[in-house]
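Heads up, the thing below is written out as structure tokens.
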Amino acid sequence: MFQTLYSYFWWERLWLPANLTWADLEDRDGRVYAKASDLYITLPLAFLFLIVRHLFETYVATPLAGLLNVKEKIRLKATPNAVLERFYAATTKHPKQADVEMLSKKSGCTVRQVERWFRRRRNQDRPSLLKKFREASWRFTFYLIAFIAGMAVIVDKPWFYDLREVWKGYPIQSMLPSQYWYYMIELSFYWSLLFSIASDVKRKDFKEQIIHHVATIILISFSWFANYIRAGTLIMALHDSSDYLLESAKMFNYAGWRNTCNNIFIVFAAVFIITRLVILPFWIMHCTVVYPLDLYPAFFGYYFFNFMMVVLQSLHIFWAYLIIRMAQKFITGKVVEDERSDREETDNSEEEEEVVKNGPLSNGHPVLNNNHRKTD
């Protein structure tokens, strides 16, 4: 049964144009072609990326955070309460009003104290500023190196300047060593992002990020074994062109360099919109949708590849909406923040007034002027 499914999956009519077989893409006469088996190496490389990331964040990003004076916010800690903790862990982190009243009776706390406890408890679970900075530093480093490497791979190729060259002689297009390593490194990195997504900083677009990583992995993998390598290198370099700018803006934001963050964000927004909403749909997707039909009839692989491109483009439109919202806040003079972030919750104004009147915080509790701690 496994052999049957394997045969159906690798049926030439699914992935190659008519009258072509996998035998046409076997190495011969000094010409080397991409093979599906090449992709096996990306899984161990993905775990190697996770190790390198850990070392980078520990020995590079953490000292860098210290140099940039990345400071943690003082968070009010939730007072230990077994009843509330059980509900928080087993039921929900955001109780409804009826739940709050029920918990108030069970725990012996007032309704206001229960609401405050959940706000503080949720804040405790949010990632620290240092964790966000380390993650942004790692991604900035990779995306910048990947963009430079990607441009080095494609800038001297004729299809970088004339998109019709992407399909010249397709699919009998031999693979270059630089293309091999560019693909393997990019695919391995996205595997590592997928493996670590559960432990990374979670934002409002968590589900969209999963869809993006999966769609990217599928696109890179398919474009490799179907020999869409020329189009694939263009698409990967195009995506890397703006990602490192966003990560650097985050780094300066976490370090408190607001003006630098805002200036980089303006450049990022411009590059993102030009590359993702103009060049990608009107040049690259036009190249993958229209030009191949001049050479061969549409087949399943053609439809599959372009469908995944539409999925990615839909995500770009969603993220462009968030970027425009951030740009509007910048224009109106507000601080630019990541719209995808799960913002820190604050206690109500009454409690804040108490803090102002009674002095600084110690271990999450306001310290009174008479040196006694105020309890909730």
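The backbone N, Cα and C atoms fix where each Cβ goes, glycine too.
Per TrEMBL, the features are as follows:
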- 39-56: transmembrane segment (TRANSMEM)
- 69-129: DNA-binding region (DNA_BIND)
- 131-332: domain 'TLC' (DOMAIN)
- 140-160: transmembrane segment (TRANSMEM)
- 210-229: transmembrane segment (TRANSMEM)
- 264-284: transmembrane segment (TRANSMEM)
- 304-324: transmembrane segment (TRANSMEM)
- 337-376: region 'Disordered' (REGION)
| Reported in the order helix, strand, coil, what are the DSSP residue counts of the DNA-binding region (69-129)? | 36 helix, 0 strand, 25 coil
| field | Other parts of the chain folded back onto the transmembrane segment (39-56), taken as Cβ under 8 Å at six or more residues beyond its ends | value | 137-138, 141, 184-185, 187-189, 191-192, 195-196, 221, 224-225
| Outside the transmembrane segment (140-160), six or more residues from its ends: residues with CB under 8 Å to it | 56, 166, 168, 176, 178-179, 182, 185-186, 189, 230, 233-234, 236-237, 240-241, 243-244, 247-248, 250-251
| message | Mean pLDDT across the domain 'TLC' (131-332), rounded to an integer, is what? | response | 91
